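Marked as active site, proton acceptor by TrEMBL: B:ASP66. Annotation comment: TrEMBL describes B:HIS62, B:HIS64, B:HIS140, B:ASP211 as Zn(2+) 1 binding site. The Zn(2+) 2 binding site annotation in TrEMBL covers B:ASP66, B:HIS67, B:ASP211, B:HIS270.
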2 protein chains.
Amino acid sequence: MEFTFLGTSAGTPTRARNVTGLALRHGSGRHWYLVDCGEGTQHRLLHTRYSLARLQAIFITHVHGDHTFGLPGLLTSASMNGRTDPLPIIGPPQLKTFIDTSLANSDSTLSFELRFIDSETEDFHWQDRAMDVTGTALSHRVPCQAYTFTERDLERRLLTDRLEADGVGAGPDWGRLQKGEDVVRENGTVLRSEDYTTIDRRPRRLVVAGDNDTPELLAETCHQADALIHEATYTQDVADRVGPWPQHSSAKQVARFAQAAGLPNLVLTHFSARYPARAPSGPVISDIADEAREVYHGTLFLARDLDHYRLNKDHNLECDRS
Amino acid sequence: MEFTFLGTSAGTPTRARNVTGLALRHGSGRHWYLVDCGEGTQHRLLHTRYSLARLQAIFITHVHGDHTFGLPGLLTSASMNGRTDPLPIIGPPQLKTFIDTSLANSDSTLSFELRFIDSETEDFHWQDRAMDVTGTALSHRVPCQAYTFTERDLERRLLTDRLEADGVGAGPDWGRLQKGEDVVRENGTVLRSEDYTTIDRRPRRLVVAGDNDTPELLAETCHQADALIHEATYTQDVADRVGPWPQHSSAKQVARFAQAAGLPNLVLTHFSARYPARAPSGPVISDIADEAREVYHGTLFLARDLDHYRLNKDHNLECDRS
């Protein structure tokens, strides 16, 4: 599994950070998924290898503009580029009103079908061949979701001893069984893939959270997750000064949760514009990292735009700095 | 007068060019005007000295997304930055529906008042202290305007011989007269500014056109204009291949009009993404310039993002390449 940050700033863009967007790929094909779509997401994509023609689905955590205002432009660009495949958009119901009105009042029509899926139903669950996606309700000023991506269709290893013991010699049937297909032999007997193959590893799992002031809501879905991507809009001192109304998390809060949950990897993002990379005085982005490291002892990353991450089959998370 | 291109690409952004936006300033203060607001306009502004707090008015030529999809993000960022001054938005009536729906469905409220002004009324005319703005209907797939900016409140020169002849000695009254104010003297007589001052130059005038397939519609407003900023989406050969349906202009068409109109300066913009700066084969952006120069013998510019132009009081147009 791979992912690339398209934006890591809270509320407004800065020179270095766009507002929220994340491109996620299973890695076994060129299809990919987009989580949130702040203004300028399509611009960031021009600097990556993700193509709008291969976009498999869009997941929106909540309706705030810094997570949604890039949708009309991204969709019309996909249309101008000739996309024809239907596109699922998973998110709160107001998204449909926003998108439909934006298209209707800009004389736009799309060359492909949009399929709106309400993320706020209690039994929300989505999957395609490569990925299984569930939602977890968070605590923010508006309804907001975390999406948990669990890979499907893991590679199978043939139990060759058993095949040979049952008189099934090497041949095309082995290939089918390994792909997960059952095989009917010439004599009418059925070989079931699950009897002759095994899966040697657990699926990779990534939790991508929207804005949230209560990380503990993620406890259950973070069980067996390899990594959590979560906002850390402020350091604790700034969060205390700002007060509870924005309903965001501090670095300390998220780090404390991640440590308690035993999460091996934590990626913080969605930083207030008050934390630049460098400044002669006042807060800087490394304050966020310092605060998180005080309580979290797993592998910590602070997201930057266009940084590319690989979650390997051995469950290690690696980052190629952009 | 000064202006900076915030986007120069037609339809979709490219790596080098954003979609349409132009920042325009009178030059006598920090107030400025925005013409069109494609997605990512606020991002481009972060690389300029134009501040959202000093934005005086927004002019939208037409409703297409590459000229409007940046509005919700730009407005909410101005609000998050604490703007309180009311903001006029001049454009087609659908803009209000688009903006109101975008704000309502993203849980956004603005810290300032939006004042929608319909650009499509026959008697459209807008002015503030520094600028007088009129509209000209163009020919495109949807109603579309050109905006003509003419500077107001030009500096006055005192007619000192006449003042002295009439017994008005140097003093504070001279300053008031020079500012355009009439003065009531102690003896009750009124000195009228227009009798004792003169304006030595004609006002600078800039025409900023939206998408348009009939440049000749601009003949009247281009009379006495110093410069025309106009789209040249294609070269003529591509325009012929594409056919008339997009209702855009070729470089040749605009250049021929500018030559016939005697325009001293022509700035072409809104280029199809098929014209990169360099390419091993196929069309390049210099093809647009070459085609225009064949028929236009004034000063020709091809706009690039963040290029900054100065229209001087001597009516010369200069460009500082970004």
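Placement of Cβ uses the backbone N, Cα and C atoms for every residue, glycine included.
Note that TrEMBL annotation is computational and uncurated.
Location within the structure of each feature annotated in TrEMBL.
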residue	record	Cβ contacts under 8 Å, 6 or more apart
B:HIS62	Zn(2+) 1 binding site	B:GLY91, B:PRO92, B:HIS140, B:VAL142, B:PRO143, B:CYS144, B:GLN145, B:GLY210, B:ASP211
B:HIS64	Zn(2+) 1 binding site	B:ARG141, B:VAL142, B:ASP211
B:ASP66	active site, proton acceptor	B:SER9, B:ALA10, B:GLY11, B:THR12, B:VAL19, B:THR20, B:GLY38, B:GLU39
B:HIS67	Zn(2+) 2 binding site	B:VAL19, B:THR20, B:ASP36, B:CYS37, B:GLY38, B:ILE60, B:THR61, B:GLY210, B:ASP211
B:HIS270	Zn(2+) 2 binding site	B:THR8, B:SER9, B:ALA10, B:THR20, B:ASP211, B:GLU231, B:ALA232, B:THR233, B:HIS248
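Less than 8 angstroms from a Cβ of chain A: among the binding-site residues B:HIS64, B:HIS140, B:ASP211, B:HIS270, that describes B:HIS64. The secondary structure of the residue listed as 'active site, proton acceptor', as reduced to three states from DSSP, is helical.
Listed in sequence order, the residues B:ALA10, B:GLY11, B:VAL19, B:THR20, B:ASP36, B:GLY38, B:THR61, B:HIS62, B:HIS64, B:GLY210, B:GLU231 complete the 8 Å Cβ shell around the Zn(2+) 2 site centroid, once B:ASP66, B:HIS67, B:ASP211, B:HIS270 themselves are left out. What surrounds the Zn(2+) 1 site, by Cβ distance within 8 Å of the Cβ centroid and not counting B:HIS62, B:HIS64, B:HIS140, B:ASP211, is the set B:THR61, B:VAL63, B:HIS67, B:LEU138, B:ARG141, B:VAL142, B:CYS144, B:GLY210, B:ASN212, B:GLN247 from the same chain. Each of the binding-site residues B:HIS140, B:ASP211 was assessed for Cβ neighbours inside 10 Å, and the highest tally belongs to B:ASP211. Under DSSP, B:HIS140 (Zn(2+) 1 binding site) is assigned to coil, being neither helix nor strand in the three-state scheme.
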